[in-house]
Amino acid sequence: MSSTANQMDQERKRSQAPATVKRVDGASTNIGDSQNHVHFTDGSALKRDGTWKHP
């Protein structure tokens, strides 16, 4: 994945991402193991490394 969270969110806003993508968040700088992650319309969120943030 080479896109930044901002680039991915811009793609979502232009409808270039699946409709199930609600938003894209960048990593929190104050949390040591934080990663960019994608939130879906069903409430789940997937981290950049492929693990679930919250299913």
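Glycine residues also receive a Cβ, built from the backbone N, Cα and C atoms like all the rest.
DSSP assignment over the region 'Disordered' (1-55) gives 9 helix, 15 strand, 31 coil. Positions annotated as region 'Disordered' by TrEMBL: 1-55.
Taken from TrEMBL, the feature compositional bias 'Polar residues' covers 27-38.
Feature annotation from TrEMBL assigns compositional bias 'Basic and acidic residues' to 45-55. When Cβ-Cβ distances below 8 Å are used as the criterion, the compositional bias 'Basic and acidic residues' (45-55) is approached by residues 1, 27, 35-39 of the same chain, each at least six residues removed from its ends.
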